[in-house]
Amino acid sequence: MAAKVPEDYQSNYQPVERREHSTVRVGDYLYMWGGVQPDLPEVHNNEKKKSMCSVMEVCHLRTSRWEQKPTTGNPPLGVSSYAAAAIGREIFYFGGHCGHGGCLHNSLYSFNVDTSNWKKLSPTTSRLGPKMKGYCDMIAMKVNGEDYLVVIGGQGPSTNNTPKQPGAQYSDRGLFSSNQLCNEIHFYKLSTEQWISPTVTGDRPPPIRSFTLTSINNSSAILFGGVTANGDSNNVYILNFTDTSVNCSKLSSPGRSVQWPKERRSHSSVLINTSSGPHLLVVGGVDTYDIWIFDINNKSWKQLVNLPINVTDRCWHSLSAWSVTPTTNWIIVFGGCSPQKDTAVIELRYTSINDWSTSIIPLDQYQEKLQERRREWEASQPVQPEDRREIDRLTRVLQERERELQEERREKEQVRNRLQQQLQQAQQQGQEKEREAREQEQNFQQQLQESQQQLQREVQQGEEREQGFQRQLQQAQQQLQESQERERGLEQQLRERDRQERDRQERESPWVVSRNDIRMTERILGRGGWGEVRVAHFHGLEVAAKVLHETIISEYNVSLFSREMNIASKIRHPNLLQFIGATTEGNPIILTELMPTSLRKELETGGLAYHATLSISLDVACALNYLHLFKPHPILHRDVSSANVLLQPMGETWRAKVSDYGSANLQPLIGRTTNPGNPVYSAPEAGNPREHSPSMDVFSYGVLLLEMITQRIPLPEERKRE
């Protein structure tokens, strides 16, 4: 059922106050649903409750604007104290309180943020799965390529509930209405839609509720605080998962000699990633008015101070983190059962190892502060804007000086022409006077002599003026030469600065490896126009070493090579050949993981089983999809072929990994044409760089599929028939 959005909705819309809810971030958006709200009917279900729960509050983090979006399908009945986690573009909701009496649920729903549609994955039942409960928590994990949800702890009725989980503990100490705390741990495997009871080892948490469970990475999480049978807790548990087990490690307060937060419940936590490792930020809780941050690697706490009470005095609120820059996170706090319930934004800046600064971002300055932080980050990057501005300024000064010198040359040329013209006129006058003197030699001899003397004086003055202009011209030429020398000096300084900056970046680049750490073998895997590939040893690991020719070594090509290696070091996908590193001295050597065989070899030696063909096809498609969706710009492979699909045996099937996905960007280095791929696989537009797009790779992928099915390479004239 779709809910109606109020007609008077405007850009300054704010969601109504609420508590015992969750806010989940997907990309640059926050999604907030449910919670205890004013006027929410305290019933199992009716039309008003369904209407109020059939909307999703969405905040666009780039603008700080909230909007209320209608949803389709039936929303969960557990509207508060539920658990939520996101996987990709879907948000999952488990359990929760119905709003009347002790009605609790163990249903599992998914919400698609693109379609705004609810889907029930597992109903509320007393037959299997976790018990019907609230105040538990849930995270997403990924093991061996499979997505799982992990549900831990919580509180629910001791009767009319699911069977107890083997190995789990239950406690009703200090509780009313036949409720129980539990320390159940359940996995939900999305691909099979089944609940799993894993093997638990180590320091399993006691029966607990109102804690926080936060993912550290795909296979580990951190649990903090909560209520146990002995009261509120301030213990930390590190949980490490496999597909069938979980290992628990407990950290307790060592005493007053070390900073450690007090016991708490109903707080909120969020993970903050920094250059020194992951940290857990904890805000508020019942009867706690503070904020702490936990260094997960160093196992140390630090209290963050100087934050206003409207941030610290909260419980049953939601907390979300958004990375504005690699060193700045904005923490969005909403709701709670304290007097402070509206949106608050904490700015958390990581300045050095375990050194943090905090401040509050006023909502009316959100956009201004966001732009300011982005500008600060851009200004701190290796290519400094002020250097560019100084270069532009010097360029303008040199251009202006050049125009002035050209104008001076034009003026001096005009003076010289005018003097020459005057000299010619004077000579003509002298000749005329000489002719007159000859005709009237006797009568005007004296006058002729005086005229000659006057003429000589004028010529002498003209020559003196010309010499003066010549000296001025020489001085101007000398000034021009000095200006040109200064310009060449500045250019040399800029080139030296660029070289030093490039050297510094290469030294600091994580992908740069030393040639001394590489031991080449005589085993050659392949040769090409770019060089050859050999088996090598790198720190005891057998790797593939691609040695490029000397012809690519130039200042520009080395810079292009470094940029491409920086991009390759950021690419992570299970179906792309793993980039390990590269050298920068001498002939570049690129290190990748070593694969046992290729699709070409397997097709040439007998082909593949049908299920293996399907698996490899899907792996290649996933790899190309990742490259084409890479941000900020898609990556085109441009050489999809069976030779570039490497295989690793995985039991009775294969795992495929696409190699040479960066070769297209290195074509200028190795002197190949604008169509880098094998022409047998190339799309018609491959010869025109202006028409290159992801469709090229899709075309080559289609040819690859034909080759896999027919077990031979289809020639271009056979494609249509095939």
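Glycine is treated like the rest: Cβ placed from N, Cα and C.
Taken from TrEMBL, the feature ATP binding site covers K546.
Marked as compositional bias 'Low complexity' by TrEMBL: 417-430 (among others).
Among the features that TrEMBL reports, compositional bias 'Basic and acidic residues' is placed at 431-441 (among others).
A Cβ distance under 8 Å defines the sequence-distant neighbours of the compositional bias 'Low complexity' (442-459), meaning residues of its chain 6+ beyond its ends; these are 423, 426, 429-430, 433-434, 436. Taken from TrEMBL, the feature compositional bias 'Low complexity' covers 442-459 (among others).
Taken from TrEMBL, the feature compositional bias 'Low complexity' covers 469-482 (among others). Remote same-chain residues near the compositional bias 'Low complexity' (469-482) are listed as 405, 408-409, 412, 415-416, 419 (criterion: CB distance under 8 Å, separation of at least six residues from the stretch ends).
Feature annotation from TrEMBL assigns compositional bias 'Basic and acidic residues' to 483-509 (among others).
Within the model, the domain 'Protein kinase' (519-722) carries an average pLDDT of 83. Look at TrEMBL and you will find 519-722 tagged as domain 'Protein kinase'.
What TrEMBL records for 416-510 (among others) is region 'Disordered'.
For 671-692 (among others), the entry in TrEMBL reads region 'Disordered'.
Note on K546 (ATP binding site): other Cβ atoms within 10 Å of its Cβ, all shown chains, come to 23.
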